[in-house]
Every structure is written in C-alpha cells, then in structure tokens.
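Just below is one structure, and these are the notes that go with it.
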Amino acid sequence: MPSGRLQQQFIRLWQCCDGKTQDTTLNELADLLNCSRRHMRTLLNTMQARGWLTWEAEVGRGKRSRLTFLYTGLALQQQRAEDLLEQDRIDQLVQLVGDKSAVRQMLISHLGRSFRQGRHILRVLYYRPMHNLLPGTALRRSETHIARQIFSSLTRVNEENGELEADIAHHWQQISPLLWRFYLRPGIHFHHGRELEMEDVIASLTRINTLPLYSHITKIDSPTAWTLDIHLSQPDRWLPWLLGQVPAMILSREWETLANFASHPIGTGPYAVRRNTPNQLKILAFDDYFGYRALIDEVNVWVLPDISEEPACGLMLEGPIQGGEKAIESRLEKGCYYLLFDARTPRGAHPQVREWVSHVLSPTNLLYHADEPLQQLWFPAYGLLPRWHHARPGPGEKPAGLETLTLTFYREHIEHRVIARIMSALLAEHQVHLHIQEIDYDQWHAGEIESDIWLNSANFTLPLDFSLFAHLCEVPLLQNCIPRDWQDDAAQWRAGEMNLANWCQQLLANKAIVPLIHHWLIIQGQRSMRGLRMNTLGWFDFKSAWFAPPDP
C-alpha cells in the first residue's frame, strides 16, 4: 500500500479510537474503517511494522485483542503534511489539514529556496490561481508576467530600463515607412520538442491582427529563409516594441489542437509549464532555451486564496528567517487604481454626476476611511503616473434625483472589494446606494455589461512613452466607455506625434478617468537570492535570479 494511503488509514483509525489503548476485535476495527476483516489484519500488521502501534492478537471465541497506539495521529498528520509539501501536493495538503490557517503557516515555513537532487527550487506564495496564460487574450498583471517566462517574441523589452533587445529576431530594420524586416534565429525549439518554423511566426502574428494595436498590419511574408517582412497600412515607430509585447508572443501553429493550451501553454521561452492547478503553478527551466539557461531550475507558485484577505497580499517568497535574512523589495507602481465613468449610461455620461462623485470619492477621502495597514500601502493619485498632477477635483453639487449608482470590478482582487466598501459607505452618507457587481476578468475586459462606473488598476511597463497609450488602447472596456476617435489617437501615437501627458490630461479633464490611489508593490524575500529586481508588474525575471551558496 502506498505510504500516503497507509498514513491516512492510520490517522482515521486513531481518530475513531480517540487515540486510546483498547481491547477490541478485528471485526469491530474493520467496521470502523469500512473494510474487510482480512484487509484490516493486513493494515494492522503493516502499521505495527512501521512502529505506529502494537496489535496483540488473541485467538478464540469471545476473546478480545489489545490495540495500543505508539504514535499519535497528529504527529503522523504532520509528517504526512511535510511529505505532501515536499511533493508539492498542495491540493492534498489542504484536504488533509483542513484548517486554512495551519496550511498557510506550513506553506510559509517552506517558502523560498530549496535544493533537491542538485536542483535549485524557488517556492512562491500567491493569492489566486492563474488559469489563462494564452497570449492575445485578456491577461491580468501576474498572468502577463508568467507568459513572458514561458513564451518568446521577435523582440524583448528590458524590464529594468525599457530598452529594446533581440529575442527570436537577432536584427531588424525599417526598409520603408510601411515595411519592417526582421532577421530570425534558426534552431529555436518549442517546449514540446519541435523546431520553430517561419509558419509559426507568421501564424502567431496574423492571429492578433484583430487587436487594435496590431490592426495596421496588412501583410506578413518571408522573402528568404529566416527573414520576415511586416507590411503596414500606416507608419509605426513603435512596431519593434509592439512585437515584444505578450499578445505578439510566438505560439506553435498547432496550438488550438493541443489540450488545455490556455492553462498549459507551450512556448519557446526560458520556462515550461509542468503543472497548473487551482492550488499550484509549476514551471521548469527549459534546457533547450536558445538564450541563457535559467539559473533557478524550478519555480513553484503555491496558491492559497485566503492570503488575499491581508492588505499586503503581494508576492511572498519568504522562507524561514535566519539571522535577519528577510528582505522586502518594494516600489511605488507606475500606474494607479482609477474610476472609469461609462458614457453609455445616462448617469455615467452626466458631467454633474462625474464632478460630484469624483469629489465624494476623492483619494484623500478613500485614504482617510481605509484601515491603517492599507494607509501604509496607498498613496493619493492625482494623475495616471505618480509624478503627474492632472486631476482637478472640484466641490460639485449633488445632482437632483441621484439615488443609486452601479460600480463594476473583476473578481479575486481584495483591494477592489475594500475600495468598493469604502465608496459604498461614503455615498451612503449622501443617501446614494452603490450597487456593486463583481464579474470575471474576461467580462470586465470586454466591458459589454451595463455599469455607471468601473473600478480598475493599471500597471504601466517601461518605456512609459510606449506602454501608457498601448495599455489603455488595448482594453476594449476603455474604448467602449470613452467616446473618442481612438484610431486617430493610435495613428498619432504610431507616428510619434502624441503628447502623452496632454492626452492623459484630456481624459482626466472631463472626468472620464478619475485617479484614486497609487499602490506600493511588495516582494517579501530572502537576502540569499541574487539578481532579484522587481519589475513594474510586481514580479521579477525568474531566469535572471539565482541563489548565493551558504557560507562554508
């Protein structure tokens, strides 16, 4: 019998007998465990051989045998829990222990660095699973980061300085205002073993032509081996950066025929997905990666939803603290939480409603009514970026007849719930009921349901001149809520003729967007880890991090 199953049977037997020595029979014990008399004898003999109990069998009618426990069920449960942790079986651990608080403490004690069979393993605790990792779909902040570890693209944007770097393409050039040429590396392999071919690249870039930022791509062809030409309908100075974004990551052309591709995608990046369940995401270093092989062999993201109830539910990779080893990496996000007024509803489009609501739900009001732990993580926002002060809040008069408003945000985001509760209380003081809708991220991203206002958070990556417009333009919700000529805006941006500060100020001037809070991103980690540089998404590049060996 497998060790895990035997441990479960012992724990169950110990619980049924209250851990007490007793005189009993095989039949009575078999009834307790719902098994046959013969199987019960086998179980007792095996448990006795393990040193967990003694079984003094008596033969004869009416005679009772003595069962003595040498091991407690709690001790064995702890041992079983340790085994499950080492095997990364978090789902079974939750079932075994039951108490989420106890599971959390066990997980935290095993976070950080582990060295097993010559392999460096990093364990990370996170507050939600990541079911969808498919480029070109609606991806949240963490999914965006993980996709960058799994996939490669023609170019790569350096997370620390925003500079453009080679990836699948080793060089590129602008042949004419409407034609760019990229030169690709040969010999690149997908995680499932097949070699990358030009058809994979063409198919990947063709499939995203429906996205607003890629809609100006008119034709993609390969004039010679490992040479890719991209034809445009309008000039785009940002195209090389655009082709380094997650939607433009390269997929194998047969991806739609591969089972569960969204949760178990196959790319050419430094890490390959080994497991992705509601309790765990495990990625392994890809030995055949065409770049520098990752120094951390395995990254395990353990999922425990209950940690999201804490305000500082950022990335946690803090193991046992030894000699003041603990370190906290933090940065003020390049972005903010903001309110988005929906011009498709009468209340959302009404200028007086926008003015009054933005006054009542001002950043200072939200901060004042937040709990102290959150006040330490929040900073009032008066622009989309921390250094901008574009918002001009006014006093505003409450519009006559305003009795209710609808607010919508996406699920699995504790701070959204906290902000919504504060907003509800503030509006209730003025006899306005806030109807709150929590929906899936896909629904939120599409923005096709009715809502007066929407709650969102934006994290802009480097370079900001690129990502600020690119991020806002690629979310259908914003284009649905804000009536303006987005195509004309995109043409100006591509031509390098857009003043982004002025453009953002226009969005804030009519209260289409109302900044609320800048948030401190936090990584709780260990000083033994080197190369950890928090990016603007609140994560770090796994392949560049490494562990310093212990002192001799």
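Each Cβ is built from the backbone N, Cα and C atoms, and glycine gets one as well.
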Of the residue ranges 26-49, 362-385, 410-433, the one that Swiss-Prot records as DNA-binding region: 26-49
Residues of the DNA-binding region (26-49) by DSSP state, where helix covers H, G and I: 21 helix, 0 strand, 3 coil
For the domain 'HTH marR-type' (1-116), residues assigned helix / strand / coil by DSSP: 67 helix, 17 strand, 32 coil
